[in-house]
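According to Swiss-Prot, the protein carries these features:
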ACT_SITE  Y23  active site, proton acceptor
ACT_SITE  H105  active site, proton donor
BINDING   N79, H85, D92, I106, S107, R116  substrate binding site
SITE      R18  site 'Transition state stabilizer'
Amino acid sequence: MSTIMVLNGPNLNLLGTREPATYGYETLADVEVMCREAALSLGHEVECHQSNHEGVLIDLIHEAGRRIKAGEVLGVVFNPGAYTHTSVALHDAIKGAEVPVIEVHISNVHAREAFRHHSYISPAAAGIVVGMGVQGYVLGIQGLVHKLKA
């Protein structure tokens with residue numbers, strides 16, 4: 001049983017209390033339970049991480065790359081939060097570590113402020129789920145497994 005890493009970027013630890021009209025009332029813990037259940041139903045395990053620090057997320061992507069090569073990890077479902085719009089370093093980490101990533105956004109970033117319309121992550125991602133609420137994580141897991149035929 002391989003592992004799917006679920007990575008969450010800055011401020012996602014505030015899910016459930018931060019702008020619930022935009023992000024909903026589910027907490028990060030709720031999302032992690034949903035992810036575990038979705039992965040288990042597909043024969044996989046989930047390992048969840050959240051960090052407000054870009055370097056920590058880069059290190060986790062590098063770790064995922066090493067573990068993919070070792071056959072331990074399938075890929076990554078990643079909500080980079082605001083780093084989506086600013087981080088060339090995360091883009092480079094994904095490309096450099098050769099990690100299959102499904103980019104997830106809870107809200108429809110294209111229906112929000114103009115600065116949210118550009119993603120540095122998308123060109124490096126295997127797929128993108130946008131605007132489906134926290135269900136997007138489940139769709140991301142399903143999409144990753146389907147895309148990699150695991």
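The backbone N, Cα and C atoms fix where each Cβ goes, and this holds for glycine too.
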Cα-nearest neighbour of N79 (substrate binding site) within the listed recorded positions, R18, Y23, H105: H105
Those binding-site residues listed as N79, S107, and which of them has the most Cβ atoms within 10 Å of its own Cβ: N79
I106 (substrate binding site) and R18 (site 'Transition state stabilizer'), distance between Cα atoms, whole Å: 12
Minimum Cα separation from H105 (active site, proton donor), reported as the residue among recorded positions Y23, H85, D92 that achieves it: Y23
Listed in sequence order, residues with CB under 8 A of D92 (substrate binding site) and six or more positions away: none
Largest tally of Cβ atoms lying within 10 Å of a Cβ, found at which of the recorded positions R18, H85, H105: H105
Cα distance (Å, whole number) from I106 (substrate binding site) to Y23 (active site, proton acceptor): 6
Packing count at Y23 (active site, proton acceptor) (other Cβ atoms within 10 Å of its Cβ): 18
